[in-house]
Amino acid sequence: MSAAQGWDRNRRRGGGAAGGASGVSGAGAAGGGRGTGQLNRFVQLSGRPHLPGKKKIRWDPVRRRFIQSCPIIRIPNRFLRGHRPPPARSGHRCVADNTNLYVFGGYNPDYDESGGPDNEDYPLFRELWRYHFATGVWHQMGTDGYMPRELASMSLVLHGNNLLVFGGTGIPFGESNGNDVHVCNVKYKRWALLSCRGKRPSRIYGQAMALINGSLYVFGGTTGYIYSTDLHKLDLNTMVWTQLKPNNLSCDLPEERYRHEIAHDGQRIYILGGGTSWTAYSLNKIHAYNLETNAWEEIATKPHEKIGFPAARRCHSCVQIKNDVFICGGYNGEVILGDIWKLNLQTFQWVKLPATMPEPVYFHCAAVTPAGCMYIHGGVVNIHENKRTGSLFKIWLVVPSLLELAWEKLLAAFPNLANLSRTQLLHLGLTQELIERLK
């Protein structure tokens with residue numbers, strides 16, 4: 001069967017992995033238009049921060065600004081100095097630590113945008129990028145070992161210095177799926193394949209994955225033809241896969257789906273949204289898997305006063321800060337969404353944030369730093385033109401600590417701080433933790 005035939009059959013039967021021409025009628029297209037709604041204001045960073053005058057900084061007004069407006073900050077390409085930024089893409093994944101945003105994989109059918117003859121894996125991106133927060137520099141990481149070829153709608157989590165990648169699909173979508181766990185140590189820049197035993201998941205993409213108490217949990221996904229409601233667990237100590245069999249009747253299980261997201265509180269795994277090529281699931285009620293009772297539960301959430309519930313969606317992003325879960329963007333089957341919502345896992349109360357994404361997207365990726373700053377990258381921004389973006393945005397989801405506010409002011413005042421030696425930085429009074437953020 002030719003690749004073209006594979007794509008055609010996938011349009012009819014399965015879900016797209018990264019948003020494509022099939023997305024209007026299939027699962028995972030990405031949609032169009034630019035949102036004009038905004039918070040109080042969007043802040044666009046200049047090419048290089050200027051050196052401010054010696055003016056005393058008053059922190060209280062700065063903190064109030066974050067509380068009231070939750071500003072979304074666009075990081076334009078001209079600020080990403082030193083290296084070219086990643087080409088526009090969709091279906092990729094990202095994670096973040098205190099120092100870097102790591103972006104893996106992705107898809108773009110536009111030959112020129114995806115690198116033309118220089119991209120041997122067109123229309124996919126077999127590459128790992130790092131965005132350094134302190135300097136605003138993108139860097140394509142050179143790595144050793146075998147980098148996986150399933151580069152769209154895979155799952156990605158960060159475990160210490162290791163990126164854990166599971167599943168995903170190559171081209172044609174649904175014909176070259178994976179079910180291996182690949183590990184990349186970002187410190188030593190080396191890939192390895194985990195040798196696992198037991199009942200592993202099918203070869204799928206669009207599944208959701210979480211790291212809980214030393215185990216990976218994988219739920220849902222699609223083969224490209226069949227959607228799944230299976231739940232698997234990989235114990236990272238024994239490297240044994242187990243297919244969990246919940247104590248429920250089949251009618252009480254969550255609907256089969258892909259491109260959903262999951263959150264957890266250590267006791268339950270919560271399924272947020274997702275869908276199939278013909279539907280997107282509601283967020284009014286969510287399913288939760290109880291790790292202690294081995295059973296699925298259905299939880300009714302509470303609507304935002306005067307606004308109601310968030311729209312049903314798939315292909316959105318989700319990050320978590322303690323018991324607060326934030327979802328943004330996505331596609332509801334008709335339009336691309338640009339809203340941001342918060343769900344508290346103790347009260348199950350939905351709150352709509354006052355921010356609106358400058359570019360409504362789906363099939364994008366998002367990650368949150370330990371300090372509470374979310375970064376959003378890429379995605380599809382126009383359904384009819386099948387257009388992707390390479391934009392990078394950030395938004396503080398919590399009030400930044402005094403340390404974080406001072407750190408951002410310091411970086412703005414001294415943009416070449418990263419060029420100083422460790423000894424010089426210590427003499428300036430920087431802590432070891434902050435020095436590590438510069439390297």
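Including glycine, each Cβ sits where the backbone N, Cα and C put it.
Looking up R13, R89, R203 in Swiss-Prot, the residue bearing an annotation of omega-N-methylarginine is R13. Here the repeat 'Kelch 4' (261-319) has, by DSSP, the following mix of helix, strand and coil residues: 0 helix, 32 strand, 27 coil. Sorting each residue of the region 'Interaction with CUL2' (398-439) by its DSSP state yields 28 helix, 0 strand, 14 coil.
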